[in-house]
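Mind looking over this structure? Questions follow.
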Amino acid sequence: MREILHIQGGQCGNQIGAKFWEVVCAEHGIDSTGRYQGENDLQLERVNVYYNEASCGRFVPRAVLMDLEPGTMDSVRSGPYGQIFRPDNFVFGQSGAGNNWAKGHYTEGAELIDSVLDVVRKEAENCDCLQGFQVCHSLGGGTGSGMGTLLISKIREEYPDRMMLTFSVFPSPKVSDTVVEPYNATLSVHQLVENADECMVLDNEALYDICFRTLKLTTPSFGDLNHLISATMSGVTCCLRFPGQLNSDLRKLAVNLIPFPRLHFFMVGFAPLTSRGSQQYRALTVPELTQQMWDAKNMMCAADPRHGRYLTASAMFRGKMSTKEVDEQMINVQNKNSSYFVEWIPNNVKSTVCDIPPTGLKMASTFIGNSTSIQEMFRRVSEQFTAMFRRKAFLHWYTGEGMDEMEFTEAESNMNDLVSEYQQYQDATADEEEGYEYEEDEVEVQEEQ
């Protein structure tokens, strides 16, 4: 079976992760003690993707939980599904990273990383055919960003041919948790560009907007935000866990979404959006799902796809529906909004269909888009970074942990390069692409003469 190993790090990562396991357990009919309570055999058919079956018939998540302080771990452990995890897979320190990337990446995190890798190795050896890793973390803090990226690079060394998928929560434009978020995020992106295969970009502000605007929640809690994220996470991998007409896995997803290796930061969306309490009673139609899914207000990160163009996109539909209708709707979207898609990648929208809908819904869809407008996120973080770095504000916290100012400069320029790469492909047209080739030929001819 094609297993996925789930890793969650830091406070944010652990809270998202805990919510994710609640959703996946519900989908597979597994209760909080790890016993199967479902009625449908399909729930067990590929339960191995995320679970290891223990000898006593219990299902144990293939999850590694890490943090540099015990607090969040304790709340996960005492949460509704806390008893389902393998106790050895909780790896935590006592010191905390204090929102400092350098502590997570170089000092505190580096001391703990070997024990995390041991657990990862043990879990990977339990797999029949490991497909890849999914990492949940935030980029604004210290542990998720610093230690998270350290772990990703170590796993990259040890398992170079396995997919690395991350769910990364970026600092929000208006809601800031700490002042050094731009530093932590820039240093993390620098790592993610090189070491991750696919990054799902999330941010709290966009999630707040969805909760407030669409779900009509007056005071959204982090629980509500994480509920949205976990619905998307479950949608991304539903094709691996349930049968369907058009299946996809992490690698197929990457092949279809990433035209240039560095441009692997995706916007995600989910439809139908339902508030936690009121699961919708009316069945949606495929056209309605498609429309809601492509809606800019539905994107879970603060970048507006209408300000850029889609290089590629992928949609996963779940529920009983006709593949033909799905294809027609997707082609319809592309024809009506052709200016929002680059014309030099033909057939750049892929759809997959999975027969089993999420719990409580008749149909649902998950959207993943590789849009050039994601540069807005990077641009914003980069501006905040530059504003502080020019004055060398708060830098002693990082240099005190043994970091060099050069690293900051490198990370900054790598992020700016990323922004200009997105911009370059946003502006590129089909004719230009051909034009470049001719120019090169002429140069060669001159040299021969």
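The count begins at 1 with the first shown residue.
Glycine is no exception: its Cβ is also placed from the backbone N, Cα and C atoms.
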Going by the GTP site in Swiss-Prot, where GLU69, SER138, GLY142, THR143, GLY144, ASN204, ASN226 are listed, which of the candidates GLN11, GLN37, GLN43, GLN291 is also part of it?
GLN11
In Swiss-Prot, which of 76-97, 428-449 is labelled region 'Disordered'?
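Range annotated as region 'Disordered' by Swiss-Prot: 428-449.
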In DSSP terms, helix, strand or coil for GLY142 (GTP binding site)?
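The three-state answer is coil.
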Using Cβ atoms only, which residues of the same chain lie under 8 Å from GLU69 (GTP binding site) while being at least 6 residues apart in sequence?
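Residues satisfying the criterion: PHE92, GLY93, GLN94, SER95, GLY96, ALA97, THR143.
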Out of THR143, ASN204, ASN226, which has the highest number of nearby Cβ atoms, where nearby means within 10 Å of its Cβ, if these are the binding-site residues?
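Per the Cβ count within 10 Å, the most buried is THR143.
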Including all protein chains displayed, how many Cβ atoms other than that of GLY142 (GTP binding site) lie within 10 Å of its Cβ?
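Around GLY142 (GTP binding site), other Cβ atoms within 10 Å: 29.
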